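Trainee: Take a look at this one; I'll ask things after.
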Amino acid sequence: MWIVGSEKELPQDHQETPPEAMGRWGSGRAKRLATFISGLVECMCFAGVIFGWASLVFVLKDSKYFEDLCVPAVNQTANQTDCSAQDEQFSLIFTIGSFMNNFMTFPTGYVFDRFGTTAARLLAISSYTSGTLLIAFSTAATAMMLFPAVSFLSIGGILLILTNMQVGNLFGKHRSTVITLYNGAFDSSSAVFLVIKLLYEQGLSLRSMFLFMSACSAWHLVRTSFLMPRSHIPYPLPPGYTYGLSCQRRSQSYRTYEEQHSSKVPNDHQASESDNLHPDSALKEDNAANKVLAAKDETKAAPKLKEPAMISFRSCVFSQLFFWHLMWLSVMQLRHYLFIGTLNPMLIHLSDGDGVLVSSYTNAFAFTQLCGVLCAPWNGLILDRHKRGQKKGSSFQVAPDSLADLRSCILSLTITVLQCIAFSVCASIPVLPVQYATFILQVLSRSFLYGGNAAFLAIAFPLEHFGKLYGLVMGLSAVVSLLQYPCFSLVKGPLHGDPFYVNIGLIVLMLLALVSPFTVWRECKRRQKDWDAAHPTDTSALPAGKPGLESSI
């Protein structure tokens, strides 16, 4: 549907035929689709590769990294060795890498919020390339290079997913689904190390494979220039929004599907479109044009509505919603990190050192990680569909959209906790075939965890604080994730390789995560009550473009 003023209302030299107009709208739609698909590929192939650590450890052990830490086993034959110190070293590398993956999200999130997408992505590409080059040129003699290498991979990967999640803003009502899909692709990228393991077994060298990954940085640079904004993608999209490198005089007259169908005043659109088509009205800077057009639409749509008060970053951080969401993420993330970091020694323990079984189960675990991109959108569908169901209910017709969004998070948060508890129960059973079920539940739970985390922060708090809040919650949860190394030492030492009691303790700890959805439910009740008291007879809808601003603490 093309909304434009009649030809009589436009000067003759400024008329534009509908086919040309439709073509320009179609090119904008194609660009958004290209951005979405390329971002999905980027997240799936690069962002979260370190979580395939178990597959890479298999290769590193075969390449004799830290083999000097293995000593002859006590009370065993001369052919058997005790490599627990080697396992601890690999566990320490993953602990530090996963810590950096979360902890550095706060300063990098600040960079993203303050300096925009281009600066954040250049930092991500530099960090990621440094990590791949360090691994490529490392050897068994220089195995300590793995410590900074894995940290660089972590920082680069988390910045890639952080800058890509804003792509969901291009798709309106499907925003939560896109965000969770990208987080699922982040989880699936852990299968990249499985591909490296399989290619290594076919004769390719570790160096050549990581040099290829370094060369892929050219792809990231091209995408940064042509398919990503210089600053940020706003939500909702203002009329005529464009991004990336494009022709300076290109018309900005196309609109998104949501903008077209939500428009109710044709004359306003005609005036806006006429302004866009006039060559003298084209602004050189996209951001300035977007602000002018957005302000114009908001003024015409709701001239009598008062702008909501801005919520400070401090008030968001010190709210109960943020605190219990931090606990929700931290305890479940610790469970996942400990499982990934100790998977290789756990499989060795359950298989009595059978290398063939260890390799087979490692491959099975890595293959299940590929399903993360398929599982994560389910959480987004729960959020989006449950939101629409809430808005259809009679008690929410007069409530702001942000309240319906927040209420839709309750079911998602609860399901994620129950999935993680089921995964932990299976992981506690010391039977090797049961671990197939553990792998499936683990990837399902993990894809819900990170997708739900990003979607909740985008819904519950103002959008201008998203980068900082996302970075802060990941950074603080990283401090909790450091407990995985003491847990690993406890299993390898006093518990003699049996993680049963540690697993039981983690299951009990995860009950704390159930407080988060309860807190959200209580907050929704309070906001609904406040809204009903302030608007006893007002049934008009709030203007679009202010998601999260009603999220008072």
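Backbone N, Cα and C atoms are what each Cβ position is placed from, and that goes for glycine too.
Unlike curated records, TrEMBL annotations are generated automatically.
Below, the features straight out of TrEMBL:
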- 1-17: compositional bias 'Basic and acidic residues' (COMPBIAS)
- 1-24: region 'Disordered' (REGION)
- 256-280: region 'Disordered' (REGION)
- 33-59: transmembrane segment (TRANSMEM)
- 90-112: transmembrane segment (TRANSMEM)
- 119-140: transmembrane segment (TRANSMEM)
- 146-167: transmembrane segment (TRANSMEM)
- 321-340: transmembrane segment (TRANSMEM)
- 360-382: transmembrane segment (TRANSMEM)
- 410-433: transmembrane segment (TRANSMEM)
- 439-462: transmembrane segment (TRANSMEM)
- 469-488: transmembrane segment (TRANSMEM)
- 500-521: transmembrane segment (TRANSMEM)
Trainee: Where among 119-140, 146-167, 500-521 do we find the most Cβ pairs under 8 Å to the transmembrane segment (33-59)?
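Mentor: Ranked by Cβ pairs under 8 Å, first place goes to 146-167.
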Trainee: Hey, which bits of the same chain come close to the transmembrane segment (90-112), Cβ under 8 Å, at least six residues off its ends?
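Mentor: Answer is 50-51, 53, 57, 60-61, 66, 119-120, 123-124, 146-147, 150-151, 153-155, 157-159, 162-163, 333, 337, 340-342, 344-345, 467-472, 474-475, 477-479, 481-482, 484-485, 488.
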Trainee: For the transmembrane segment (321-340), which recorded stretch in the set 119-140, 146-167, 439-462, 500-521 gives the largest number of Cβ pairs separated by under 8 Å?
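Mentor: It is 500-521, which has the most Cβ pairs under 8 Å.
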